Amino acid sequence: MNKNSSNIMALAPNTSNKRETVCIFGTGDFGRALGHKMIQSGYPVVYGSRSTQISNLVPKDAEVLSHAEAAQKAAIIIIAIQRQHYNFLIPLAEILRGKVLVDISNNLKLNQYPESNAEYLAQLLPGSRVVKAFNTVSAWALQSGTLDASRQVFVCGDDMEAKQMVMNIVRALGLTPLDKGTLSAAQEIENYPLQLFPMWKFPIFLSLGLTVFFFFYCLALDVIYTYIYEKNNFSFFIAITIPNRVCPVMALILLALVYLPGIFAAIIQLYRGTKYRRFPDWLDKWMLCRKQLGLIALAFASLHVVFTLVTPMRAFVSWRTSKGIISQALNNKTEPLDKTNAWISDSYLALGILGFFLFVLLGITSLPSVSNNVNWREFRFVQSKLGYLALIFCTAHTLVYGGKWFLSPSAYKWYLPNIYMLSLVIPCAVLVVKFVLIFPCVDKPLTQIRQGWERNPKHSE
């Protein structure tokens, strides 16, 4: 009898695991999407709405009541309405007293109001426990289930118990809560969805500026100069030839700019004799966007590869090749193979292939899904050691290809150097200084400084 009783008890459902009812004020896109996701996760959902008529858009398993009736059924109420409509909550202050109000609203621009929406809600209803959450998740992501790009949910609030209750709901929905502290952090959380690639602004503007400069630089030397002095119309160079010169130059310069701030940081630490002082703001910002600079450089390198692969298909290249063949036939003379030129050609192609391979490896390692699966030493080896090796290969590739123009007077049109000469300035400077920094007499004190040693401890900040 006891055995059977224990089996029956084991098979009986555990009613203690039943989830608490959640109330949602607002039947807009996000309110409906969040309610549907909660119902799928086992939460009973009741909507508080001005109209108690059930709409086809509301999840069929949800209940729709007036705001006052819905609020009495749940301890957690999600406010899925805009800030300008918060005033209707004031008459419900007594019903909402002691309840957890989850503010999920966003604004139309950064710092639109003096205080955050959540803080404003807490001022209107001082007897309620306000928590900020869910504002960084889109309704589309909740409905479609594609939450990989927005799985993290920032949560903040002054009441620890209320905040923990909301974080439990976040976890139950398959999301990852991140505690951002007290309600004073709500302004920062509300600004997150309004920031458009915050870490990409400097790299993108820098890349656009340099691209425009080099494009017009090539346009002046390869098209305008040729048209004025040689009476040749090479305006079609704008489509492929000039982009295929700008892209490798941009890739090389941006890759060098990824490692240049590290050079500046080492020099500053050696000069100061300590690591316990902040770098200048411009250097801090530069170092924080090195990943973005590297990814943009990889994009330019990939475009260079594509442009190079389609070069044999161009009408200009076919015409030039046919012209050479006809010229040899008419002269009854075959040009011998220039083995020196063949070596140079194969060398810069091989260096370019190796450099691009390491470029791609650096880009793959930068992906969060990959970087999370390697330890710090492995990540640093790839990004630092192999990164510098990629810079060496790419610099050598450019040097072998365009080095012949340094001593050629015809390369200086309008007394301006060829674009490939300009592209070598920053990479060569980075590599030369890095070579000096790895000397034992320099590397040893630098390593000691980075391990905590100070030249003058009393002057550290």
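Here the Cβ of each residue, glycine as well, is placed from N, Cα and C on the backbone.
Features of the protein shown, as given by TrEMBL:
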- 21-107: domain 'Pyrroline-5-carboxylate reductase catalytic N-terminal' (DOMAIN)
- 204-229: transmembrane segment (TRANSMEM)
- 249-271: transmembrane segment (TRANSMEM)
- 249-394: domain 'Ferric oxidoreductase' (DOMAIN)
- 292-310: transmembrane segment (TRANSMEM)
- 347-365: transmembrane segment (TRANSMEM)
- 386-407: transmembrane segment (TRANSMEM)
- 419-442: transmembrane segment (TRANSMEM)
Is the number of Cβ-Cβ pairs under 8 Å between the transmembrane segment (204-229) and the transmembrane segment (292-310) three or more, considering only pairs separated by 6 or more positions? yes
Per-state residue totals over the domain 'Pyrroline-5-carboxylate reductase catalytic N-terminal' (21-107) - DSSP helix, strand, coil: 32 helix, 19 strand, 36 coil
Three-state composition of the domain 'Ferric oxidoreductase' (249-394), taking helix and strand from DSSP: 123 helix, 0 strand, 23 coil
